[in-house]
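Report on the structure given below.
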Amino acid sequence: MVKTQRVVITPGEPAGIGPDLVVQLAQREWPVELVVCADATLLTNRAAMLGLPLTLRPYSPNSPAQPQTAGTLTLLPVALRESVTAGQLAVENGHYVVETLARACDGCLNGEFAALITGPVHKGVINDAGIPFTGHTEFFEERSQAKKVVMMLATEELRVALATTHLPLRDIADAITPALLHEVIAILHHDLRTKFGIAEPRILVCGLNPHAGEGGHMGTEEIDTIIPVLDELRAQGMKLNGPLPADTLFQPKYLDNADAVLAMYHDQGLPVLKYQGFGRGVNITLGLPFIRTSVDHGTALELAGRGKADVGSFITALNLAIKMIVNTQ
């Protein structure tokens, strides 16, 4: 890394395990400065519950970034709306969660931070607070005014991107248009090159229907939409294999010769990845004007403050973000 960079972290739902995981992250040295966008009392109280040392130092944007020393975090303060009891949701803190996301996103957009790592949020409590919220991906897409973003989940062995994300199954076929596929594949290809450092990405593309349509006998979306788009993009030099049946694509004979998989919808690609590497996966938002990674699990309210939360996914998300920072420098 040419110089020390700052990475901003949002712990997510304050009553969940996000604060626990951030405190655990702080127990080791990091080659970047970790700036946590959160309430100070929340973090110090959670550290005390876990019996872990934590020193918070104030965020100083005009000072050079310093590598993180064990037992410390840099604090960018955002105040809670209500006091927190570990494991118990408070509706007003839905506003607090969104405020942390907005501040962290804005800091990435204005160049304060090289990457953003997000902890798990509780979508229900945010919506109950009167804030329409579908998820991190959509929130950052809108706030950054990105033209289009793509959701990817990754483990050490497998990367899966999604053509569509949080749509009901009944709406997916209509959503798979030539324009969408052109846009999604272009973003996936671009970010595999620039953020992952893969010179010539090899992408496996799932069909939409069982058996990838069986030559039109089980749906025509492959013939009408997917194949023509892939042919056009192959002619431009992209290495695309597909459309392939999703029930056979996830085999070593295909995956060993690919850098990423493009699934047509959420539950087509992610169950395989989560079965293979649950707790080790990372959620990545492609197409943003900054690096964003996240844990692949939920708030686990029942584990908050008990010292039983597994920090593995957060560590993987941070390590991947650091690698992506290096690749983009």
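Note that the numbers count up from 1, one per residue, in the order the chain is shown.
Backbone N, Cα and C define each Cβ position, glycine as well.
Noted in Swiss-Prot for the protein shown:
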- His136, Thr137, Lys274, Asn283, Arg292: substrate binding site (BINDING)
- His166, His211, His266: divalent metal cation binding site (BINDING)
Cα separation, Lys274 (substrate binding site) to His166 (divalent metal cation binding site) (Å, whole number): 17
Intrachain C-beta neighbours of Lys274 (substrate binding site), sequence separation six or more, cut-off 8 angstroms: Leu153, Gly281, Asp296
Binding-site residues (His136, His166, His211, His266, Arg292), the one with most neighbouring Cβ atoms at 10 Å: Arg292
Alpha-carbon spacing, Thr137 (substrate binding site) to His211 (divalent metal cation binding site), which is rounded to whole Å: 30
Residues near Asn283 (substrate binding site) in space but at least six apart in sequence (CB under 8 A): His136, Thr137, Met151, Met152, Leu153, Thr293, Ser294, Val295, Asp296, Ala317
Thr137 (substrate binding site), number of other Cβ atoms within 10 Å: 24
Residues His136, Thr137, Lys274, Asn283, Arg292 [recorded substrate binders]: greatest CA to CA distance in Å: 19
Between Arg292 (substrate binding site) and His266 (divalent metal cation binding site), the C-alpha gap once rounded to whole angstrom: 19
